[in-house]
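> Dropping the structure in here first, questions after.
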């Protein structure tokens, strides 16, 4: 049977959900093909959304019309701001989720969205004509024709699950791997490599002895992800902290020879920042204990996820390891930990729209691009979906810059540098992180969302009013000069603020940590009518004024630099500071400008600085 749509999405994980929903929202006829409809939105690993860098991605996805934020706000069990005591640039919202509720909400949203249809089958091969995608075939002899195809297959491409010496061809425990499509992608000439990830054991909640374990609470004023969320007052559950110990470590060491990670059974490279417990014991042999979090998987507390205990050790060893840990001495394991190896395609095979360079109209998003994490997948799915629709409409692509969003950092890192290990987002990856805070996501991306038809006009108008109020009041504060007069000193004293000794402007005064929003309203009467969202932005802009200005200067400098032309006869070979790889690629593509050079995979900002210097030296000589 032959069926037609505008866009096909292959895979119903976090990338596939966002890709299909956003494309349908933008008016395309979308069909989602997934192996199991019941697992749409399943959190395969930890029961949490957000975190450092990841919370930023989730909020950016939300502002740009995505679903992850609002689903999380309606399925969370605990909400916290990580790094709350640090500056706003490195804070991250994180939520424990009820995995069942999240999955049900995601699935129902997909099944009830206009312009979006779903079928349960396995994609086996792509149909390509003259270098352009035209459709796919499935395992039940269906043929789907479409102008654009987005592949979001997660860990299912030639997936192999490892538990001890046992191996099974699964894309997730108990689910079939996608071997035919994996082979087809190799035959089409894509650069396919292997990665590995893993998951932790789960234990029955009623078998845990919580006595003596450290209780971990959510925030009193819980943060949320979606700007659409109102009257947020969720019921929150506690997590609990326990630790491994020398006995645990010895059990693991005694069984290194049975660990797939060390026996040569696993070849794929695992996530650097989420290592297995056996890897941690091996690499950090001097540590006497490792922290573990017991996290409820649902509101019923029937199962707990042991965060920090990712493992692929044999079943009997997992039993011994868990029973050596305080609180888990009599724990009943409901699901064992395992490792999974899978195919991914080097993301340098993609453009910044996530379209493949090799096949027109084919987009890749999520773990197939070498990333790890629900949030990274959702961000890519969203951007692939948006760009597929824009391409259908013959409109300009939507590409976020590194100075606009963490999504921009994520995609730029992937397509220019590639990856040889599962890529995870951190705030440290963003050179302009002071401008890319969670708190200003709406102001950074609201204009884009409205232009793309992904934000309601009434809300957008309110947002523009807020932006105008921020700029007008910052200008007023800069012009407001305070002297150490008797009246000023008295008012400062009433607010328990230290006196001023010289002239200062309003911005300098509000840069004080102690000058909270309440004091701002009290001291400067013109700030009193402003809403909290506006006041918060004014406070942050005042506190980090010098650094924010410096980052804006750096952006302007970079934008100016990228406009620099590269002479036709410019010789790249022999320039100190350029790697052999950079020279080879520059000689091959012969970019006409530094901007064109920046679009070449493998060309780094440091390479661009070197080129700029030597172009300048040549002109002057």
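Note that the numbers count up from 1, one per residue, in the order the chain is shown.
Positions of Cβ are set from backbone N, Cα and C atoms, glycine also.
In case it helps, Swiss-Prot gives these features for our protein:
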type: BINDING; residues: 11, 12, 13, 14, 15, 16; note: FAD binding site
type: BINDING; residues: 270-284; note: NAD(+) binding site
> Out of 15, 274, which of these binding-site residues shows the lowest number of other CB atoms within 10 Å of its CB?
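Fewest other Cβ atoms within 10 Å, among the binding-site residues 15, 274, is found for 274.
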> Around the recorded FAD site, report the further residues of that chain (criterion: Cβ within 8 Å of the mean position of the Cβ atoms of 11, 12, 13, 14, 15, 16; site residues excluded), sequence-ordered.
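Neighbours within 8 Å of the Cβ centroid, excluding 11, 12, 13, 14, 15, 16: 9, 17, 18, 19, 34, 40, 152, 153, 154, 366, 377, 381.
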> May I ask you to report the DSSP-based helix, strand or coil state of residue 284 (NAD(+) binding site)?
coil
> Within a 10 Å radius of its Cβ, which of these binding-site residues (12, 16, 270) has the fewest neighbouring Cβ atoms?
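Comparing Cβ neighbours within 10 Å for the binding-site residues 12, 16, 270, 270 has the fewest.
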> Applying a 10 Å Cβ distance cut-off over all chains shown, what neighbour count does residue 14 (FAD binding site) have?
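So the Cβ neighbour count for residue 14 (FAD binding site) comes to 35.
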> For residue 272 (NAD(+) binding site), what residues in its own chain, 6 or more apart in sequence, show a Cβ-Cβ distance under 8 Å?
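When sequence neighbours closer than 6 are ignored, residue 272 (NAD(+) binding site) has 421, 422, 424 within Cβ distance under 8 Å.
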> I need the CA-to-CA distance for residue 15 (FAD binding site) versus residue 280 (NAD(+) binding site), whole Å please.
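Cα-Cα distance, residue 15 (FAD binding site) to residue 280 (NAD(+) binding site): 30 Å.
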> Once the DSSP letters are reduced so that anything not helix or strand counts as coil, what is residue 13 (FAD binding site)?
coil
> With a 10 Å radius around each C-beta, find which of these binding-site residues (276, 282) has the fewest other C-beta atoms nearby.
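Among the binding-site residues 276, 282, the sparsest Cβ neighbourhood within 10 Å belongs to 282.
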> Return one of helix, strand or coil for residue 278 (NAD(+) binding site), based on DSSP.
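Its secondary structure by DSSP: helix.
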> Can you name the residues of this chain that are 6 or more positions from residue 278 (NAD(+) binding site) yet have a C-beta less than 8 Å from its C-beta?
252, 256, 259, 261, 262, 311, 312, 313
> Just jot down the residues in the same chain as residue 280 (NAD(+) binding site), at least 6 apart in sequence, with C-beta under 8 A of its C-beta; none if empty.
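Those within reach of residue 280 (NAD(+) binding site), by Cβ under 8 Å and sequence separation of 6 or more, are 287, 290.
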